[in-house]
Structure formats: C-alpha cells, structure tokens
Amino acid sequence: MKKVRNLVSNLSKTLFNTTATRQMNESERFTFNPTLHWNPEVENYLVNAYGALHFARISKALTQPSCYSCIRVNTLKTTTDAVIEKLSTILQQTRVSNDVETLLSNNHLFKGNGQIGPISKCQLPGLDYVLFVRGSGPHAISYDFTQDRPLKEVLVSRKCAEAVLRGAQVFVPGVLACSAHVEEGDVVAVSVAVEQSISEGKWGTGITRGTVMQGLQTDPHYIERNGLYIGQGKTMLSRAGIFRAAHGIAVDMTDRVYRLPSFNDVLEGEIFLQNFPSIITAHALDPQQGERILDMCAAPGGKTTAIAILMKDKGEIVAADRSHNKVLDIQKLAVEMGVHCITTYKLDATKSVCPKGESIDTVAPCSDEDTCLNIQNLESESLKTKGSSTNVPDRLETQSNHAVCEQEKNGVYTSKAEQRKIDRKLKNGSGRKCLGDRVEKSKGFAPDSFDRVLLDAPCSALGLRPRLSSGEETVESMRKHATYQRRMFDQAVQLVRSGGVVVYSTCTINPGENEAVVRYALDTYKFLSLASQHPKIGGPGLVGRCVSSDGYAEEWLRPGEEELVQRFDPSSSLDTIGFFIAKFNVGPKYS
C-alpha cells in the first residue's frame with residue numbers, strides 16, 4: 001500500500017512538473033525576445049572589430065526600435081512651438097500618450113527644459129527645431145491563452161513586423177498566414193516569420209501565403225514563432241477577406257510590445273520623420289546660403305530638404321538618384337515641404353562626372369525605360385500605317401524637316417540616330433503617359449562645379465532598426481558595397497572645388513564601408529583632410545586594421561583620426577540607428 005501511495009505521489013509530481021514546464025514554456029513562447037542571426041563569417045568579422053560583448057549588445061539593440069520618434073520641423077513653413085501644440089493635441093487623442101514612460105533619463109538629448117508631456121525639444125545648440133516624441137517598451141502582453149483553447153493568430157512578414165514595431169498597423173500585403181475561422185473583429189495574437197537558412201547561402205520563411213496556422217505543437221512552424229510575438233490586435237477583415245483584398249488594414253494593433261506614436265500623414269509639409277543621425281549629417285555638411293551643393297544619392301529627399309532648410313531655401317541644391325521613381329519621390333517631398341532651390345536629375349552616382357568631350361546639358365525623356373513604347377512595336381505600327389489613306393510618311397517628313405530647321409536655327413546639331421528617334425516619336429505619338437512629373441536625365445556635371453558634396457552612400461544598411469534578420473548579408477557582399485562606395489567617392493572628389501567640403505555617410509555598422517572607405521580616401525587623395533564636425537554627438541571611429549581568414553586586409557583609422565568622425569552606436573544611450581559620418585576638407589587639387 002505504501003508503495004502504491006509513493007507511486008501515485010511521484011506520478012502526481014511528474015504530471016504537475018510537466019504541466020508547469022509546459023505553461024512556463026508557453027509563457028516564454030508568447031513574448032518578444034528575438035535573436036539576430038548572422039552569416040557566420042560576417043559575425044566573426046564584426047566580433048573581431050567590436051569585441052564579443054560589445055557586438056552582442058549591438059545585435060540585441062538592432063532587434064529593438066528606438067524608444068522615441070525624431071521629428072524635424074520645417075521652419076520655412078511653421079515654428080517648433082506651433083508644431084508641439086498641434087502634436088500634443090493629436091497625441092491626447094491616441095492611446096500612446098497614456099502609455100509614455102521616461103525610459104531615456106540617461107540620454108542627454110532629453111535633458112534640460114523644453115519637455116512638454118511626451119514631446120521634447122532637442123537641447124543641443126542649433127537643433128531646437130528637432131523634436132523627440134517618446135514611446136515606451138518593451139511591454140509584456142497578456143494573450144489570455146489556455147492549453148485547451150489555442151490562440152487565434154496572424155503571422156506577418158519580417159518587413160511588416162519591423163514597421164509595426166515602429167508604430168504602423170498590419171496591412172493586408174504583410175500577412176503571410178492566419179488561423180482558421182478568423183472573422184472580422186476577432187482578437188488575434190500577431191507574430192512574425194523570420195527568414196531561416198534553407199540552403200547554402202539562401203534564406204527564406206518556407207511559408208506559403210494563405211497557410212492555415214494550427215496553434216498546436218503539431219504545426220510545422222510552431223517552434224519558429226517562439227519569442228517572436230509583437231502584440232495583439234483586432235482583425236478588420238475575415239480570413240478570406242485578408243487574402244482576397246489587395247490593400248487596407250488587416251489588423252488594428254490594440255496592444256503592442258513597443259508603443260510608439262505613428263505620424264503617417266500627420267502635418268504634411270510641416271514636419272518630417274527622420275532618424276537623428278541623418279539630421280546631424282546635414283549639419284555636418286554646414287551648407288551656406290548661395291552655395292551650389294550636390295546630393296549624390298538623394299532619395300527619398302530627407303537630407304536634401306534638411307540641407308535646403310538650413311540654407312533657408314537660398315542657393316542651389318542638385319539632387320540626383322539613379323531611379324526614376326525615386327527622383328519623383330524627391331520632387332514630391334520638395335513640393336510638400338515648400339522648397340524651391342532643389343533641382344532633381346536621374347543619374348547614376350558612379351557616372352556623376354561628365355565625360356570629356358560631351359555636353360553637360362541634360363535631356364528630358366518622358367519617363368524611364370519601363371514606361372516607353374519599345375522600338376519593335378513602333379516599327380510594326382509604321383508598317384500598318386503604310387497602306388493607310390492618310391499619308392503619314394509625308395506628314396512625318398514635313399514635321400521632321402521643320403524640327404531640323406528649328407534645331408539648325410538654334411545652332412544645335414542632331415545626329416541621324418537622334419533624328420530617327422524623333423521621327424518615331426512623331427509617327428507614333430507620345431505613347432503611354434508618364435505618371436507624375438517629368439524627370440530630367442543628366443549626362444553628368446563638370447569637375448570642380450560644386451561647393452559641397454554629400455555622398456550618403458548606398459550600403460549594407462546593417463545599422464537600421466528594428467532589424468530581425470541579417471543572415472543574407474555576406475562578407476563578399478559587404479566588400480562589394482565598399483568597392484561601389486569607393487567608385488562613388490572618386491566621383492564626388494572630382495566634382496567638388498578646391499576649398500570645398502565632402503561629407504560621406506552610411507547607415508551601417510560595417511567598418512569596411514565606413515573607416516576603410518575613409519582610409520582609402522585619405523591615402524588616395526592627398527589634398528583631402530578629415531575635418532571636425534559640429535555638432536559632435538556620435539562616438540569615435542575604429543582604429544587599426546583587420547586581416548580576414550582569406551588574407552583580405554582592411555586598413556581603418558590611424559591614431560588621432562578617430563575623434564574626427566562620428567560613429568552612432570545603436571547600443572549606446574543615444575538609442576539611435578547605427579550610422580557613420582565623415583567630413584573632408586578639400587585642399588588645393590592642382591598645385
């Protein structure tokens with residue numbers, strides 16, 4: 001009998017411990033505690049650069065959003081105090097203002113007077129037009145789950161989740177999978193599908209859009225969602241509606257791990273939501289009224305318009321980008337901000353200097369390659385019209401001759417190839433109309449034709465937050481970024497005049513794209529020198545060199561140079577994205 005009692009007692013303890021362990025595991029599962037996975041070679045490289053403990057802190061910080069939103073006030077249209085008053089009214093009407101916590105007491109950006117509720121003026125000299133709106137997090141979310149009643153869930157893509165962590169809603173295109181029997185108005189837990197390594201060098205989620213989530217341990221993606229729950233919300237559509245609709249809100253987030261105010265479509269033209277280091281980059285350039293400035297990779301125009309406002313819209317800013325649609329984005333933002341000193345061009349930054357012997361004039365095509373009729377269709381249309389009663393060739397010849405006469409009158413020579421292009425346009429009409437405004441395509445600019453040049457270079461973007469995956473970036477791809485950046489820098493140096501300034505910036509933590517590019521610039525162009533930056537907020541750069549296992553060597557900064565650059569560490573008390581800024585003075589180039 002005693003043995004039976006002991007057996008029952010032990011069995012009860014085992015069952016109790018099993019249940020308790022399962023409940024504990026479930027409690028840990030429904031949290032947000034992501035681990036950033038890196039390519040092993042990249043991780044080894046960055047650990048060598050920063051040290052294991054420091055890199056671990058950086059990796060953790062990258063998975064979290066900054067606990068504040070940074071807003072740049074357009075002082076050409078309004079005042080900082082007027083914007084504070086308007087934003088305070090907006091925040092009082094949202095849930096965010098009731099959840100604000102003072103989490104950044106060690107951050108000197110917030111110290112001093114000027115705080116009005118969750119809104120603070122930047123306390124650094126000359127930056128009182130910059131506002132910080134504080135949020136809070138991370139918060140523990142109560143999902144009220146039970147073992148016998150699985151949660152209704154919605155699984156979203158990584159990019160969707162990163163936007164939600166910054167304050168956005170869950171929009172239809174971002175939903176990957178959903179529990180069965182989800183109806184409009186249901187409360188659902190929202191988790192994220194993060195890419196996993198599926199083969200050598202390839203990453204993916206392995207989830208087909210529309211997959212039914214079971215919420216049970218038999219679900220093949222059950223374990224992958226552990227620690228990746230970003231909050232809960234109310235569905236705005238049924239399951240069927242979510243996967244049939246092309247756009248719209250799928251889930252209205254009612255309880256978030258990070259509570260940050262959303263400023264989408266708020267006070268358009270009066271404010272611009274921008275990362276703080278990007279604002280500092282415009283100040284580092286130190287633009288002066290009346291100068292001619294080039295922003296080489298300008299889209300979407302945040303830094304371009306920041307420079308224009310610092311110049312009080314007096315001078316000339318040339319904003320270039322290789323993408324037709326991105327140039328349209330710059331134009332749209334300039335109009336929205338009421339800035340008139342910006343001229344935009346479509347131009348590849350690696351071809352910014354006009355080749356010798358070519359005109360530096362610009363041409364204005366109707367649109368980019370994707371929106372023009374192709375030649376084959378044009379020629380087939382020509383064949384169809386030859387038998388027509390309308391004498392199209394005669395009409396064309398008359399119009400063409402008239403065009404040639406007009407060009408000869410203006411002293412412009414038109415090649416035969418260019419004339420054939422004109423003939424085809426006259427014959428076939430304008431084709432499909434362009435969306436938005438026209439975009440001028442530049443052939444490049446004359447050397448020494450700018451007072452200051454900003455090269456905010458395309459990069460690996462390993463400093464952006466929140467970031468839930470970094471596995472796709474390889475050592476080889478990071479080296480290719482650096483090679484591309486050096487090519488663009490070569491162009492920037494040719495375009496700036498002697499006595500001018502070049503500012504180089506990136507949003508990555510990769511020293512090969514930061515300090516190594518600075519080393520290349522200083523060693524290649526002896527007339528360049530690092531200049532002090534104002535304001536100086538970021539930390540020092542990295543000194544030394546790195547030799548990889550394959551023998552590839554990188555030279556970084558030398559002692560004494562580290563304090564002349566700004567490196568923004570995402571794990572520091574500033575709580576910014578990872579960012580890098582270097583400023584160069586240009587000495588006599590031809591002495």
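First residue shown is number 1, and so on along the chain.
Backbone N, Cα and C define each Cβ position, glycine as well.
The domain 'SAM-dependent MTase RsmB/NOP-type' (204-587) scores a mean pLDDT of 84 in the predicted structure. Taken from TrEMBL, the feature domain 'SAM-dependent MTase RsmB/NOP-type' covers 204-587.
Annotation source TrEMBL lists S-adenosyl-L-methionine binding site at Cys297, Ala298, Ala299, Pro300, Gly301, Gly302, Lys303, Asp321, Asp348, Asp456.
For Cys507 (active site, nucleophile), other Cβ atoms within 10 Å of its Cβ number 24. Summarising the annotation, TrEMBL assigns active site, nucleophile to Cys507.
Counting every protein chain shown, the Cβ of Gly301 (S-adenosyl-L-methionine binding site) has 26 other Cβ atoms within 10 Å. When the alpha carbons of Ala299 (S-adenosyl-L-methionine binding site) and Cys507 (active site, nucleophile) are compared, the span between them is 14 angstrom.
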